[in-house]
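The structure under discussion appears below in the form of C-alpha cells.
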C-alpha cells in the first residue's frame with residue numbers, strides 16, 4: 001500500500017493555507033540535504049555555554065560537540081569533565097580548542113561568549129566591547145562552517161544577532177538569536193501557575209526586545225485551544241488589566257531575581273537553547289519566539305532591525321514568520337521596541 005504524503009492543502013479544491021499562516025523569509029538559501037553526522041559548536045564555556053552543551057549532550061541532539069573559549073585551562077577542564085561521563089551519556093564526540101578550526105563543518109554554531117558589565121559602565125560601552133569581541137568570533141566561525149546556522153545567545157542578544165549577521169555575510173535565515181524564547185517559557189509558566197494547568201497546554205508569546213521593551217501578546221494567548229481574553233469577555237468575567245501587566249513585569253524581572261539569588265542564570269537558558277537546537281537540527285518546524293530580521297513584519301520599518309517574533313524553525317534555520325494576531329496597541333508597542341533597538345544599532349557604525 002503506498003504511503004500518503006502529507007501536505008499543506010485542505011479540502012477538495014486543494015486550498016493551500018501555508019502562505020496564509022506564515023510569511024516566507026526572502027533571499028534565503030534552499031534547504032541543504034545532509035546524511036552526515038550532526039555537529040554543534042558552542043563558543044564560550046561559562047555557566048551558560050556549559051549548561052547548553054550539557055543539555056544538548058544529555059538529549060542526544062548532536063553526534064559531535066566542539067567547545068571554544070579563550071581560556072585554555074578552563075576549556076580543557078570542561079571538556080574532560082564531560083568526556084569522563086561518557087559511560088552515562090549518548091555516544092558523542094567532544095572536542096575543544098582555542099582555535100576556531102575545531103568548529104569546521106558545524107551544522108549549528110551557538111555563541112554565548114560576551115563581556116561582562118563593569119561597575120558604572122554604560123550599556124553602550126558594554127555593547128561596543130561585545131561588538132569588538134564578535135569581530136574576533138564571527139568571521140572565523142563563518143569561514144570554518146560556511147553552511148552553518150548561527151544562533152546567538154550573548155546579550156544584548158537582539159543587537160548582537162544583527163552584528164553577527166553583518167559580520168558573517170550569511171543569509172538572514174541562517175542567523176538568529178535566542179531572543180524571547182525563554183521569556184515566553186517563563187510567561188507560559190506564570191499563566192499556567194495562575195490557572196493550575198500544565199504549561200505545555202498554554203500558548204503565549206513575548207515578542208520584541210529581549211529586555212525592558214518586550215511585548216506580551218495577551219490577545220493571542222490560548223489554553224487548551226481556548227482564547228483566554230475573548231473567553232473571559234464572552235463569559236462576562238471581569239479582569240484587571242493591571243494584573244496582566246504585573247505578570248508581564250514578573251517575566252521581565254525573572255532573570256534579575258535568579259541572578260540576585262544565585263549570581264547568574266544557566267539551566268533555563270540551557271534548556272531553552274537546546275530546545276531550539278533540537279527544532280533546527282531535527283527539522284521539527286516548530287514555532288519559537290526568536291530574534292530574526294523583523295523589517296517588513298508587523299509594520300516594523302526604518303532599517304534592518306533584529307528582534308523576537310514567533311518564527312517557524314527547521315533545518316534551514318528561519319523558515320517563516322508566523323502571522324499571529326496582534327491588537328493595534330500590541331503592534332504599536334512592538335514598533336516602539338524596534339525603535340529602541342535601532343537606536344542602539346545606529347551607534348555601532350556597522
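Every residue gets a Cβ built from N, Cα and C, even glycine.
The following features are taken from TrEMBL:
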- 210: active site, proton acceptor (ACT_SITE)
- 44, 45, 46, 47, 48, 49, 69, 130, 153, 154, 155: NAD(+) binding site (BINDING)
- 38-177: domain 'Lactate/malate dehydrogenase N-terminal' (DOMAIN)
- 180-343: domain 'Lactate/malate dehydrogenase C-terminal' (DOMAIN)
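Sequence features, as recorded in TrEMBL, placed on the structure.
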residue : record              : contacts (Cβ under 8 Å, 6+ apart)
44      : NAD(+) binding site : 68, 69, 111, 112, 113, 114, 154
46      : NAD(+) binding site : 112, 113
48      : NAD(+) binding site : 112, 153, 264, 265, 266, 269, 270
155     : NAD(+) binding site : 114, 210
For the domain 'Lactate/malate dehydrogenase N-terminal' (38-177), the number of residues DSSP places in helix, strand and coil: 68 helix, 26 strand, 46 coil
